[in-house]
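> Got a structure for you, written out below as structure tokens; questions coming shortly.
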Amino acid sequence: MWSAVDVETWVSRRTSRLDEVHGPVQEIIGKVKSGGDAALIELSEKFDKVHLDSVAVDEDAREAAYDQVDAKVTECLVEAEARISRFHELQLPRGLWLSEVEPGITLGVKTTPLSRVGAYVPGGRAAYPSTALMCTIPARIAGVPEICCCSPPPIQPLTLVALDIAGVEEIYQCGGAQAIAAMALGTESIEPVEKIVGPGNVYVTAAKMLLREYAEIDFPAGPSEIAVIADENAVPSYVAADILAQAEHDPHAACVLITTSAAFADEVGAEIKKQAENAPRKEIMAQALKNSGYILAGDLDEAVAISNAVAPEHLSIQVADPLPVLGGIRNAGSIFVGPYTPVACGDYASGTNHVLPTAGYARQYSGLNVHHFCKTSSVQMLSREGLESIGDIIETLATAEGLAAHAQSVDVRLRSAKPDCKAPLT
Ligand SMILES: NC(=O)c1ccc[n+]([C@@H]2O[C@H](COP(=O)([O-])OP(=O)(O)OC[C@H]3O[C@@H](n4cnc5c(N)ncnc54)[C@H](O)[C@@H]3O)[C@@H](O)[C@H]2O)c1
Ligand SMILES: N[C@H](CO)Cc1c[nH]c[nH+]1
Ligand SMILES: [Zn+2]
């Protein structure tokens with residue numbers, strides 16, 4: 001169950017799964033496109049075994065959910081909300097900045113929140129109130145005025161409470177690829193959104209990838225993963241615990257230990273066996289551990305190179321001198337340094353976001369943050385002096401491209417008599 005794996009096999013196995021479900025997911029998308037709400041209700045019966053009269057969740061259901069949630073859990077969700085908000089507020093870009101880069105030429109950037117976004121909160125194998133917070137708080141902080149959320153039926157009271165704490169009022173009970181299709185294409189009840197964020201299983205992720213023509217997405221965020229870089233100074237029981245924490249999410253979760261010590265790899269294997277024995281989700285863990293294992297590295301530089309090739313969702317660094325290792329990391333969704341930083345800190349309560357790219361996509365994507373919910377427009381303001389200083393460049397290049405009207409738009413200003421108009425900021 002715990003054995004050595006080689007990098008190439010491990011990396012290639014993880015990226016191949018989305019193609020396998022393209023057929024069924026296309027079929028689901030087609031049904032939602034033609035059938036709207038009725039298709040959502042039919043697909044919920046088929047995949048979630050739940051009969052719905054309507055997909056929309058009303059305010060009464062949101063309020064009633066509090067009675068079904070332990071008060072201490074609600075309290076902790078409120079605490080987590082505050083910490084997640086604090087970290088994401090630090091990311092807020094300036095609404096507008098302007099800078100005079102040379103006399104008469106002022107350039108800048110105007111940042112605008114998206115108008116309407118959809119958050120997918122998974123709910124198949126576990127309730128994910130923490131993900132409800134992670135998906136929606138950055139959107140709220142960015143200033144998105146309309147945030148809607150879909151989660152599989154029957155929607156979990158925990159998810160409703162978390163969404164209420166995050167300030168989300170537009171909620172639908174609808175899961176899987178059909179939820180993504182509904183948010184991207186729209187139905188009678190659900191207005192289409194500009195962008196869809198949030199993790200999910202392989203059906204959810206495949207639908208997000210296939211519907212990018214209709215709605216922008218965050219990134220593929222599928223079954224959870226962890227890579228641990230450890231030397232012989234690390235604590236085997238801590239490393240095993242972090243591996244099992246991600247393994248319990250999904251049979252397709254994948255965990256890899258990259259270590260410089262074969263003896264340490266064996267100790268972690270023994271700990272995994274011991275800790276998994278009585279774990280409530282041991283069957284899921286056992287499946288996930290089939291996708292997992294260890295890689296022996298000659299030294300920490302090699303371990304870093306292997307980790308960068310893997311590009312894990314979560315990277316835990318458990319070595320005596322972690323900062324040089326951290327410095328070498330190029331590809332990782334979220335990084336956890338030192339023995340007292342379990343990945344669960346970022347999953348729930350430190351404040352960082354746990355919606356992260358999986359399957360090697362940390363190579364090109366960043367984890368969810370406030371910038372995912374903003375777009376920028378560049379801004380420029382030139383005075384006559386500014387235009388004079390670059391007019392010749394514009395006219396020469398426009399003429400070289402055969403675009404005389406471009407050249408004329410400069411010429412008409414500089415060669416004609418100065419009209420009675422005033423440039424801003426002059
Ligand atoms: N990467 C991240 O940021 C992150 C964060 C949290 C959770 N996760 C991951 O999210 C995933 C959640 O998965 P889940 O399954 O628990 O919940 P989910 O909400 O993603 O999926 C459940 C839905 O899948 C659909 N479905 C199930 N079987 C199907 C089938 N045969 N054909 C078509 N559709 C089908 C159903 O409609 C159901 O509503 C886990 O893999 C977990 O590891 C990832
Ligand atoms: N580890 C998950 C991301 O892969 C996030 C999560 C939610 N709840 C617990 N963990
Ligand atoms: Zn987790």
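Cβ atoms here come from the backbone N, Cα and C positions, even for glycine.
Annotations per TrEMBL:
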ACT_SITE  Glu313  active site, proton acceptor
ACT_SITE  His314  active site, proton acceptor
BINDING   Tyr120, Gln178, Asn201  NAD(+) binding site
BINDING   Ser224, Gln246, His249, His314, Asp347, Glu401, His406  substrate binding site
BINDING   Gln246, His249, Asp347, His406  Zn(2+) binding site
> For the C-alpha pair, I'd like the distance in angstrom between Tyr120 (NAD(+) binding site) and Glu313 (active site, proton acceptor), rounded off.
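Given the Cα positions, Tyr120 (NAD(+) binding site) is 18 Å from Glu313 (active site, proton acceptor).
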> Should we count any of the recorded positions Tyr120, Gln178, Asn201, Glu313, His314, His406 as near ligand 3, judged by a CB under 6 A from one of its atoms, and which?
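From Tyr120, Gln178, Asn201, Glu313, His314, His406, counting a Cβ under 6 Å from ligand 3 as near, there are none.
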> Could you tell me which of these binding-site residues, Gln178, Asn201, Ser224, Gln246, has the fewest other Cβ atoms within 10 Å of its Cβ?
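Across Gln178, Asn201, Ser224, Gln246, these binding-site residues, the one with fewest Cβ atoms within 10 Å is Asn201.
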> Max CA to CA distance in Å over the substrate-binding set Ser224, Gln246, His249, His314, Asp347, Glu401, His406?
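So the maximum pairwise Cα distance among the substrate binders is 57 Å.
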> Taking only the recorded positions Gln246, His249, Glu313, which one has a CA atom nearest to the CA atom of Gln178 (NAD(+) binding site)?
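Nearest candidate: His249.
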> Pick out which of the recorded positions Glu313, Asp347 has the most other Cβ atoms within 10 Å of its own Cβ.
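Of Glu313, Asp347, the one with the most crowded Cβ is Glu313.
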> If I take the Cα of His249 (substrate binding site) as reference, which of the recorded positions Asn201, Glu313, His314 has the closest Cα?
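Comparing Cα positions, the closest of these recorded positions turns out to be Asn201.
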> Please name the residue among the recorded positions His249, His314, His406 whose C-beta has the most neighbouring C-beta atoms within 10 angstroms.
His314
> To the nearest Å, how far is the Cα of Glu313 (active site, proton acceptor) from the Cα of His406 (substrate binding site)?
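Each residue's Cα considered, Glu313 (active site, proton acceptor) and His406 (substrate binding site) end up 47 Å apart.
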> Using a Cβ cut-off of under 6 Å to any atom of ligand 1, determine which of the recorded positions Tyr120, Asn201, Gln246, His249, His314, Asp347 qualify.
Asn201, His249
> Under 6 Å from ligand 2 by C-beta, which of these binding-site residues make it: Ser224, Asp347, Glu401? Sequence order, please.
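Passing the 6 Å Cβ check against ligand 2: Ser224, Asp347.
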> Roughly how many Å lie between the Cα atoms of His406 (substrate binding site) and His314 (active site, proton acceptor), rounded to a whole value?
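Checking the Cα atoms of His406 (substrate binding site) and His314 (active site, proton acceptor) gives a distance of 50 Å.
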